[in-house]
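Down below is the structure, laid out as structure tokens.
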Amino acid sequence: MLSLLSKAVSLAILVTAVVASPAGNGVEWSGGGTTTVTVTASSPTTTVTQSQCSTGDQKCCQSVQNSSAAGVSSLLGLLGIVLSGTDVPVGLTCLPIVGGACQSQAVCCTDNSYGNLISLGCSPLQL
């Protein structure tokens, strides 16, 4: 149990470091077991409206960065996620939008299956 708690705390610290340092620090992580994910996303500059967000999960993310950013790619590797595309917008520390308000970055993402930690294939969302 302590090991699981230790991993959770380490992962939370890594996410905080990625969000605080978009350029990354050049550290490479490798995770055990991989999951290949195919993400089809709109162009990162395309803004969608709430009615155009067909995934059903509109998120408010603390940060949205490109999957090729060093810190983001390290986090994906640590989680065992291998994206089949490059330059996929990744939302970090994302929560569901409640009451139509978001104080950070409102996005519509194609893959929200990783809890509140990350969302994949994110496009800016106009509230």
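From the backbone N, Cα and C atoms, a Cβ is placed for every residue, glycine too.
The disulfide bond recorded by Swiss-Prot for Cys53 reaches one of Cys102, Cys108, Cys109; that cysteine is Cys108. Between Cys60 and the candidates Cys102, Cys109, Swiss-Prot annotates a single disulfide bond, the one to Cys102. Neighbour density for Cys61 (disulfide bond): within 10 A of its CB lie 25 other CB atoms from the protein chains shown. The candidate set comprises the disulfide-bonded residues Cys53, Cys60, Cys102, Cys109, Cys122. Of these, Cys122 has the most other Cβ atoms within 10 Å. Considering only the recorded positions Cys53, Asn66, Cys94, Cys109, Cys122, the residue whose Cα is spatially closest to the Cα of Cys60 (disulfide bond) is Cys94.
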